[in-house]
Amino acid sequence: MAAAGGSSNCPPPPPPPPPNNNNNNNTPKSPGVPDAEDDDERRHDELPEDINNFDEDMNRQFENMNLLDQVELLAQSYSLLDHLDDFDDDDEDDDFDPEPDQDELPEYSDDDDLELQGAAAAPIPNFFSDDDCLEDLPEKFDGNPDMLGPFMYQCQLFMEKSTRDFSVDRIRVCFVTSMLIGRAARWATAKLQRCTYLMHNYTAFMMELKHVFEDPQRREAAKRKIRRLRQGPGPVVDYSNAFQMIAQDLDWTEPALMDQFQEGLNPDIRAELSRQEAPKTLAALITACIHIERRLARDAAAKPDPSPRALVMPPNSQTDPTEPVGGARMRLSKEEKERRRKMNLCLYCGNGGHFADTCPAKASKNSPPGKLPGPAVGGPSATGPERIRSPPSEASTQHLQVMLQIHMPGRPTLFVRAMIDSGASGNFIDQDFVIQNAIPLRIKDWPVMVEAIDGHPIASGPIILETHHLIVDLGDHREILSFDVTQSPFFPIVLGIRWLSTHDPHITWSTRSIVFNSDYCRLRCRMFAQIPSNLLFTVPQPNLHPYLLHHVHPHVHPHMHQHLHQHLHQFLHPDPHQYPHPDPHYHHHQQADMQHQLQQYLYQYLYYHLYPVMHHHLPPDQHEHLHEYLHQYLHQYLHQFLHHHLHPDLHQYLYQYLHNHMNPDPHHHPHPDPPQDPHHPPHQDPHQHPDPHQDPPHQDPHQDAHQDPHMDPHLHQHQHPQPQPHPQQHPNHPQQPPFFYHMAGFRIYHPVRYYYIQNVYTPVDEHVYPGHRVVDPNIEMIPGAHSLPSGHLYSMSESEMNALRNFVDRNVKDGLMTPTVAPNGAQVLQVKRGWKLQVTYNCRAPQSGTIQNQYLRMSLPNMGDPAHLASYGEFVQVPGYPYPAYVYYTSPHMMTAWYPVGRDVHGRIIVVPVVITWSQNTNRQPPVPQYPPPQPPPPPPPPPPPPPPPPASSCSAA
C-alpha cells in the first residue's frame with residue numbers, strides 16, 4: 001500500500017488529479033515539516049481556471065463525438081435491417097449470413113468508454129429480433145410541416161411497441177435523429193453540435209424540432225379552411241372526414257365545431273336536421289347527417305321518374321324489334337347494331353363523336369320549345385337539359401371538378417361546382433344558371449363561334465353574351481373572371497385552356513388537388529382581407545355623359561336626324577351598365593307591344609335629356625316652339641330607328657334595361673309619356689312640370705366659371721340643374737340589406753371587387769409591388785415655351801450621389817417610380833435635413849410653362865395614413881326611381897369618374913367609378929418649410945423689479 005500510494009515526492013501530472021484518487025497513505029503528518037500533498041494542492045490552486053476546466057471540456061467533447069458515432073451506428077444498423085428484410089422476402093437468397101457484420105459492429109465503439117458501449121453497442125442486436133417489425137418504422141422526415149405531426153406520433157408509437165430499451169433520453173434522441181433526412185437531418189446535426197444538452201433531453205429536442213418545422217400559421221390557415229369548407233356534391237362521409245382533419249388543428253369548443261359543421265351541409269340535409277332533436281355531440285351530429293342522407297337517397301330512388309324512360313334506358317332494353325320509336329323511326333337490326341359498335345358510332349343517330357346516352361338528337365327531341373340543346377364548350381358533345389336527363393353515374397369521378405365561390409356586391413355568395421377542361425377554348429357559364437341567379441350580363445364586342453370535338457358548331461349558336469367581371473374564389477385563390485354564356489347543363493361553369501395557361505396551376509390528377517404556385521398567382525391572385533371603410537363619402541349623382549354635351553349644338557342643326565342617330569348608337573352599344581339576361585321563353589307575338597313600350601321609354605329618355613339643354617342654348621324667342629318640335633321629331637325618329645336601324649335581337653335587351661331603370665312609379669307617374677300640352681313642357685324635377693317660358697333656375701354660365709377656381713370652365717358651360725331624387729322610398733319596395741347605405745336615393749357599399757387597388761402600395765413580396773399605373777400622363781406645353789423651368793443645381797458629394805442613385809434604382813425596381821415621357825421629367829430635389837437625405841418634389845414650378853387644364857383631382861380620405869386604408873365608393877340607382885339623375889354641385893364639390901385599375905386577359909382596360917372631390921379649404925398647399933430652419937424667437941425680457949417701499953416718516957416713527 002505504501003508503494004502504491006506513498007510516492008509523495010513525485011511531481012503532479014499536467015491535468016489535476018481526480019477528486020476520488022487511490023492515495024491511501026495514512027502516515028501521520030509532522031507538524032514541523034510541510035506535507036507534500038498540501039504542496040500539490042497549493043500548486044493546483046495556483047493554476048489558471050481554464051486549465052482547471054480542461055479535463056471537463058475534453059471529457060465532454062469525447063462524449064459528443066461518441067454520441068455522434070452512435071447516431072451513425074444506428075443509421076447503419078437500420079440500413080442493414082432494410083437489406084435483411086429484402087433478403088428475407090427473396091426465397092432464392094438463402095446464403096446470407098449477418099454474423100460477420102455483427103462481429104464488426106463493436107469496431108465503431110470506443111474501448112475506453114464503457115458507458116457508451118453499454119448504451120449503444122449492447123442494445124444493437126435487439127434491432128435484429130423478430131419482435132420488431134420493419135413496417136412499424138416511421139417514415140423518414142424531410143422537413144415538410146404537414147408531415148411533422150404524423151412523424152412524431154409514429155416515432156412515439158414505435159418506441160412504445162419496440163422490444164428495445166428506449167427509456168434513456170439519449171437513445172430516443174439518437175433514434176429520432178436517424179429518422180431525419182434532407183434539411184431536417186442537416187438541422188439536427190448542426191443543432192446537436194451547438195446544444196449538446198439536447199442529447200440528454202428528449203422532450204426539449206422534440207420541442208425544438210416542433211418549433212422549427214411546424215407551420216406558424218397552421219391554426220389561422222385551419223380557420224380559413226374550415227369556414228370555406230362545404231359539402232358540395234360529395235357525400236356526408238367525405239365532408240365529415242375533411243372537417244375532422246381540419247378541426248384537429250383548432251382549439252374550438254365542440255358547440256362551435258357543431259355550428260360550423262352545419263353551416264357547410266347541403267340545404268336539404270340541413271332542413272331535415274332542423275326537424276329532429278338537436279344532437280349533443282359532434283359525433284352524434286355526423287351520425288344523424290349520414291342517416292338523413294341515406295334516407296333521402298332511398299326516397300329519391302323509390303320516387304317514380306317523371307322523365308321519359310327512353311332517355312335513361314339502353315337501346316337493347318326493348319324487347320319488341322318492330323316497335324317504333326318516335327313514330328317514324330324503327331328499331332335497328334342486329335347487323336346494323338354490330339356495324340355501329342365496331343365503328344364506334346352512336347346507336348341512336350348513327351353519327352360519331354358521342355354515344356346513345358349522350359346523343360344531342362335525343363336531347364333536342366325531348367327538350368322544351370325555345371331551348372336549343374347542344375354542347376357547352378369546345379369538346380365532346382353536351383347533352384340536353386339537366387331537368388330532363390340525369391347525368392351519368394361516373395360524372396363525378398371522370399372529370400376534375402372544383403368548388404367555386406362567386407361574389408357579387410350586395411348579393412349572397414354563390415357556391416357552384418366547375419369543371420376544369422383543357423379541351424375548352426375559354427371560360428363558360430350555363431345560361432340557366434345565369435338566369436336563376438340573375439348574374440349581370442353584357443354584349444360581347446364580337447360574337448364567338450364555338451365548335452364541338454367533331455368540328456361542327458354547337459347547336460346553341462354563336463356566343464354573344466358574357467358576364468361582367470366577377471370575383472371568383474377557389475380556396476385561397478382569388479381572381480376576377482368574365483364567363484361566356486352558353487348551354488352547359490351538367491357543369492354550370494367550365495374553366496378552359498385560357499384559365500389554365502394564365503394561372504399555370506400544379507394539378508395532381510390522382511388526388512384531384514390543385515396548387516397555385518406560379519409567379520402570376522403569387523403576385524396577382526393572393527387572398528386579400530377586406531379592409532373596412534373608415535369614412536363614407538357624401539353621395540353625389542353620376543355625371544352627365546360628356547359626349548351628350550358635346551353634341552348639343554349639332555342637335556339643333558337642320559341635320560339633327562343624322563347626329564341624333566349616331567349619338568343614340570354610341571350611347572346604347574358601349575353602355576357600361578349591365579344588359580339583362582335574355583328571356584328563353586320570349587314569344588314573337590309580344591314584339592309589337594314591346595316595341596311600343598320601348599318607343600315610349602326612349603321618347604321619355606331623350607326628351608328628358610334634350611329639352612333642358614336645348615332650352616338653355618336656344619334663343620328665348622324659340623322656347624315656345626321647342627316642345628312641339630321635339631315631340632314631333634322624336635316620335636318620327638324613334639319609329640324609324642326601331643324598325644330600320646336597331647337589330648331586332650337588341651330590342652329585348654334594351655326594353656328590359658329601360659324597364660328596370662326607367663319604370664315610372666305608378667303612384668307618381670301614371671303616364672309614361674310626358675304631357676302633350678305645349679304649355680306643360682317636360683319637367684326638370686320628375687314630380688313637377690315647370691313653365692317652359694320661365695328661365696331655367698341655373699346660374700349664368702359666365703358666373704359659374706368663376707364659382708370655383710378648381711373646376712373646369714368647359715364643364716360649367718354645359719352645366720344645368722338636374723332633378724333631385726325622390727327622398728321617399730316606395731312602400732312596396734323590398735328593404736335592402738344593411739350592407740347598403742341609403743343616401744338621397746343612391747347607395748354606397750364597401751368595394752369588395754376593388755381589392756386589387758386597396759393594397760396597391762402594400763408589397764405582396766419582398767421589393768415587389770403590384771402594377772397600378774396604366775397610362776403615362778401627357779403634359780401640354782404652352783406655345784412658345786421651350787422648356788420647363790428648373791431650380792438651381794448644386795454639386796453633390798459622391799456619397800450623396802450614390803445614395804440618390806440607389807434610392808431611384810430601388811424604387812424603379814419596386815414599381816414606385818415609373819419612367820415618364822413628360823417634358824423635363826419630375827422635379828426631383830435632393831435635400832439634406834437633420835443628417836438625413838430626403839427626396840422632395842416641387843409641384844409649383846412646372847405650372848409656369850404648361851397648360852393648366854385644371855383637371856378634376858381625386859382626393860383620398862386620411863391622406864396621412866397608409867393608402868391601403870382608403871375606401872372607394874360605387875354609386876348605383878335605387879330600384880324604382882324612374883329617371884337617371886346627374887351631378888349637381890354643392891360645397892364641397894364632388895362627382896364621379898372612371899379610374900383605370902388594370903387590364904383583363906384580353907388586354908382591355910378595367911375602370912372603376914371613384915369619387916372625385918375638390919374644395920378650396922381641403923386642397924390648399926401646405927406651407928413650404930424654410931431651410932435652414934428659422935431661429936426660435938428670443939425669450940421675452942425679464943419683468944422689471946418691483947418698486948422699493950416708501951421710506952418711513954418721522955411722525956409714524958414717533
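Glycine too: its Cβ is placed from the backbone N, Cα and C atoms.
Residue-level annotations in Swiss-Prot identify, among ARG270, ARG275, ARG844, ARG903, ARG844 as omega-N-methylarginine.
Just one residue in LYS140, LYS223, LYS362 has ubiquitin cross-link written against it in Swiss-Prot, and it is LYS362. Record check of ARG186, ARG526, ARG753 in Swiss-Prot: the feature omega-N-methylarginine is attached to ARG753. Residues 344-361 are the range that Swiss-Prot records as zinc finger, among 164-181, 344-361, 434-451.
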